[in-house]
Every structure is written in C-alpha cells, then in structure tokens.
Protein chains: 2
Amino acid sequence: MNEFNLIQQYFSGKSFPRKDVILGIGDDAAITQVPENQCLVTTTDTLIEDVHFLKGTSAADIAYKTIAVNLSDLAAMGAEPAWLNLSLSMPSVDKLWLTEFSDMVAELCEYYSVQLIGGDTVKGQLSLTLTAQGFVPQESILKRSGAQNGDWIYVTGTLGDAGAGLDILKGKLTINDKEAREYLVNRHLRPAPRVLAGTCLRRIASACIDLSDGLLQDVAHISNTSDTGILLQLDKLPISPALGKNVDSLEKALEYATTSGDDYELLFTVPEEQKTSMQTTLDSYSIQYTCIGQVTGAAGKLDLLLNNQAYDLSSETRHGYQHF
Amino acid sequence: MNEFNLIQQYFSGKSFPRKDVILGIGDDAAITQVPENQCLVTTTDTLIEDVHFLKGTSAADIAYKTIAVNLSDLAAMGAEPAWLNLSLSMPSVDKLWLTEFSDMVAELCEYYSVQLIGGDTVKGQLSLTLTAQGFVPQESILKRSGAQNGDWIYVTGTLGDAGAGLDILKGKLTINDKEAREYLVNRHLRPAPRVLAGTCLRRIASACIDLSDGLLQDVAHISNTSDTGILLQLDKLPISPALGKNVDSLEKALEYATTSGDDYELLFTVPEEQKTSMQTTLDSYSIQYTCIGQVTGAAGKLDLLLNNQAYDLSSETRHGYQHF
C-alpha cells in the first residue's frame, strides 16, 4: 500500500468538513481561511511510544491523547480550534490499528468541529506529531505573561489524577477500588482539553497555561514570563476523591498534584476585579475551578503553604517532568 | 538540560523576526496574523533517519532538507512561505549537533524570510517533522487539479540528479568526475525549493505539483485529480550534464529522471494562451524551465515517447518511491 492509498482509505473524507477549508487532504498543502479580525494560533506536539504513552496503549487512546494535548495548548491561549495536520510514523501498515486510530480521529474532529486537513505517513518508530491550528481575536489572547501581583491563581478540574493513572498502569501504584482505578487510568489516557474554559477566560484571565509537565514546573513559566512570585496553598489543591481516598498519605496525593504531568487542566490568574465575571462565566457552563493561591511581588519566588505553614518539597520532587 | 532550556538556547531569538508574528516560541502556542485577503497554506512533512536521509548525514544537511521539502510543498501551491513549526525527536542532547542544526535553520529562515514560531523537542529516534505555513490569494492558488486537454507540461530545473546523488552516497553509482559527483550529491542533500517559480506561476499555470516521489508517480497525481491523460516526450527531459555525461546509457539517465524521487522541482501545466506570459515571467527571473509534454484527453492514460516512438519502462521502474 502506498502513502497515497493509505491516506485516501483511512483519513480523507472521514474528517468533519469545515466551510473554511478550501483545500483539505490531497494536494501538496492545505488551504484554509482564517476569519477576519482573528489571529492564527498554531501549536505542535509529538507523542512517542514508550516516552509519552506506554507500549500496548490502544490506537484509540493514542489518537485521543495526541489530539487532546494539542487542543489543550490552543485552549491555554483562549483559542477556538479549527484544523489539524497529522504526521504518523509507524513501523508497518496495520489495518486494524489504522481503522481504530482513524475512527477516533474522526470522532474527535466531529466533537470539536475541527477538520484534519493534511499530514504525512512515514515508516519509523510509532510516533505522532500533530499541528493544531485555531484562532482568537488579538485582544483576547491568553498568554503566560500578564500575571500581576495580587492576582488570584486558579486551576480547572482536579490535579494529579493522570500521574496516578500512569503509575497504576506501570504497576507502581495499587488501588483496589475498581471504579477509582478506572477513573484515574482514564484521566491519564483521555485527558479532556479545556477548550471551552479557555474561550470563557478571554479578557478575564491575566495569564494562562495548560498543565502538562506538573503544577510546580508549569506555574514557574507563569512567574518567569510575568516576572512575579507565586504563593500556592497546597491544602486548597483540588484532589479527586479517587486519588485522595486511595493513596497512603496526603503527602503522596500532594506529590501527584504538584509534580506529575499530563493533567492538561488550565492554570490561570485572575485580577480581583475580574473574579465575579470569571465565576459567573465558568459557573454558567458548569466548569469546575478552584482558587489555589495568589500571585506575589517577589519575582521568581515560589512559596508553598500547607494550612498556612511553609511546606517543603524535596528538590527532586520539585523537578517535574524532564524531556531529556 | 530540560526542554525549555534547550529551546531557549538553540532556537529562540535565533530565528528571523517577522512583523506578523505576535507571539513566537515560548508560550503554549504561537500567534500570527495572516494578511487580509490571503488564504493560509499549511503543509507537514516528516524526515526520518535511514528512511529520508542516510545515517551520518550532517546536522546542517538534515536541517536544510527538512526546510526545503516543506517550502517546496508551499511553492507548489503558489504560496509565499511565512512560519515554521519544528518537532525534533533525537536520542540524546548533542550540543555540537544542535548548534550546527539550529545555525542552518536560522540561516534558511533569514534567506527565505520565514520565522520559526514553535515546536517540540522529544526523546526518540532521529526524526524531524516540520509544519510550514504561508499564504496565497484565493484566486491565485495552484492546485494539482485544473490541467486541461492540450495544456503544455513543464518542469523547472533538471531531473534525476538527486536520485543519482543518493546512489553515489550509497555506493551504487560510481562517477569519477569529482565536480559532477559533488554536484549530484549536493542536489540530493540540498534541493532548492522553487519558491520564486511557484509565486511567478500564479494565474498562469493550470495545475502544479512538486516532484518528490519521481516524475511518473507525481505526474499521475496531476492526471488523476485533473481527470486527463499525460503525454511525455522523454527526449525533452532536462538532464544535467553531470548526470547525462556520467551514467552508462541514456536509459539509465532516463530511469533517474523519471522515477527517482527527491528532485523537488515543480511540474506545471500551462494553457497555450498563457505560454508567452509564463516565458516572460520565468525568463525575467532567470528561472530554468523545459517543456516535456502535453496534457491529453485520454483520462488516466500515460504515453511515453522517445524521439516520437513509444517507450517502454518496466512496471517496476514506473513504480517510483514507496513510503511503506
């Protein structure tokens, strides 16, 4: 099977059709139209077997996560997703795998109203690179910079679930409660990109980032680019019952919540005067959010409190996910 | 070294700065502005060690080729290149390699006035996925479809050099003339994307494609999407002196010119009434082009003539590059 037939059979025509796509899969490049008065937002993420997902992960789960992590990056900018470009590297052509994979791509494209407009298929180790494109009006862009002394720090959803889910899959964490175990594993395999939350936070959040490398590492990106300090109240961190009730200690739950990656929740900062707008907007969509701390004036300083007492994490624990 | 530091040190700030980039490397996604009344053009290509380039290829050559093959896809649409997103997978952090690689990326970004706006660095086999974005006015898009019965078929540059260059590197072809050898190898390692030719052909060419998988395979994409036939006069194919004078036979030169991939020349079709415009425009930029045949009404039929006699290629030879 050549590349042309492969793309024809598994990807062309299966994807949700958007009116702003002039030319999708099938030419040398795709042609699309960015709406007037909107900026183009582009992000690229690569997922590699044994690095970003375990060997044996199902094709549907791989497709799900590849799309989710990229849409999460768009969400963190306040962008509306529109188009995907997928480069798929695989050791051989496995028809069952490709069917399951491309079915999930099609399902998510329809759910998020995005269109797969192009890509590449090559022979190599199992690896996926997705470029997601979307748009946002210039004055509504959410950046990592922009946090100000006194702004409140919030996160969507709950923290640490995905890290615990990965440890369950690796046999490093045993949880007897079947429902809790499945919940945590699912949070690792199928993180929900906070697309709606991102667009709701336009003109409300002063800074925003998605949590991919662990809370402490990612919050440092906010303080570094915003030139501020950060104070986190660890007792406020939203911990799911599945995680909180099933690990040995509060310390262990906090370690997951602060340092394990792959949560793909949004962390954002909100000035006092925007708090009410933020609450009204997120509540109206039933989006879960929790205030976990405050931006401080002490540039570069990270203060961790537990019940108003300074809390010490080992420097190793503080490290977060390392790419190399 | 973590991903953040790596990108900071080798890629951020080194790239040519464009005024239409609102937010480049360093946030969750890049933000850019597509000019009014222009369409966005997007392409993604992956290059993998041992598949798309030989083990031992220099970092500079890998960077060059990765960018060239993507710009070539934009050129084939008549688009002006603007922004690059690079995903770099490598087994370990090799500082010398990264310096050489990122220097060449910066050099090409400056040469083509494009900006590296984002990407990803991951641990894995040596592999590069580049997404290139550019723009073109809607009424000036060059597609693979659009060729009409009677249109003339042209190619830029010369054909088969890159295939011969690859065979030299693999030890499959011996050429004693040092200058010719170096020319052919260089054509394989550093194909020139025909960006200028692509924009010159706007509103002149009826169809266009870049030659990446071999002339016969790529010309079939034109005839399939345009629902036409193709007649090629093999004696008209532009063969460089380096190739023509140094292989054993005309047959061998024609085999390279018709079936070996990686030429990255443009193949385009021109209606009789646009021939003069095409010649004037391409001549004014000293762009080399050659008429190699004509579009016919016999949908799906490929006629090959050599000195007006039917020429038979083995079906194996006709096959071209296979991705799997």
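Any Cβ shown, glycine's included, is placed from N, Cα and C.
TrEMBL: automatically predicted annotations, no manual curation.
Taken from TrEMBL, the feature domain 'PurM-like N-terminal' covers B:26-136.
Feature annotation from TrEMBL assigns Mg(2+) 3 binding site to B:Asp28, B:Asp73, B:Asp210. Under the three-state DSSP scheme, B:Asp73 (Mg(2+) 3 binding site) falls in the helix class.
Per TrEMBL, Mg(2+) 4 binding site is recorded for B:Asp28, B:Thr43, B:Asp73. A 10 Å cutoff on Cβ-Cβ distances gives B:Asp73 (Mg(2+) 3 binding site) a total of 29 other Cβ atoms nearby, all chains included.
DSSP assigns B:Asp120 (Mg(2+) 1 binding site) to a strand in the three-state reduction. Annotation source TrEMBL lists Mg(2+) 1 binding site at B:Thr44, B:Asp45, B:Asp120.
What TrEMBL lists as Mg(2+) 2 binding site is B:Asp45, B:Asp73.
The C-beta environment of B:Asp262 (substrate binding site), restricted to residues of the same chain at least 6 apart in sequence and closer than 8 Å, consists of B:Ala162, B:Gly163, B:Leu166, B:His188, B:Pro191, B:Ser212. Look at TrEMBL and you will find B:His52, B:Asp262, B:Tyr321 tagged as substrate binding site.
The annotation ATP binding site is assigned in TrEMBL to B:Gly119, B:Asp120, B:Arg144, B:Ser212. Within the same chain, the residues at least 6 positions away from B:Gly119 (ATP binding site) whose Cβ sits under 8 Å from its Cβ are B:Ile7, B:Phe11, B:Ile25, B:Leu84, B:Asn85, B:Leu86, B:Ser87, B:Leu88, listed in sequence order.
The feature domain 'PurM-like C-terminal' is assigned by TrEMBL to B:149-298.
In the three-state DSSP reading, B:Asp213 (Mg(2+) 5 binding site) counts as coil. Per TrEMBL, the feature Mg(2+) 5 binding site maps to B:Asp213.
DSSP assigns B:Asp28 (Mg(2+) 3 binding site) to coil in the three-state reduction, outside any helix or strand. Note on proximity: among B:Asp73, B:Arg144, B:Asp213, the binding-site residues of the record, the Cα nearest B:His52 (substrate binding site) is that of B:Asp213. Across the structure, B:Arg144 (ATP binding site) and B:Thr44 (Mg(2+) 1 binding site) are spaced 17 Å apart at their Cα atoms. The binding-site residues listed here (B:Asp28, B:Asp210, B:Asp213) include no residue with a Cα within 10 A of the Cα of B:Asp45 (Mg(2+) 1 binding site). In this structure, B:Thr43 (Mg(2+) 4 binding site) is part of a beta strand by DSSP.
Comparing C-alpha positions, B:Thr44 (Mg(2+) 1 binding site) sits nearest to B:Asp73 among the binding-site residues B:Asp28, B:Asp73, B:Asp210. Using CA atoms as reference points, the binding-site residues B:Thr43, B:Asp120, B:Asp213 were checked against B:Asp28 (Mg(2+) 3 binding site), and the closest is B:Asp120. Spacing of B:Asp120 (Mg(2+) 1 binding site) relative to B:Asp73 (Mg(2+) 3 binding site) is 22 Å (Cα to Cα, whole number). Look at the binding-site residues B:Thr43, B:Thr44, B:Ser212 and count other Cβ atoms within 10 Å of each Cβ; B:Ser212 has the fewest.
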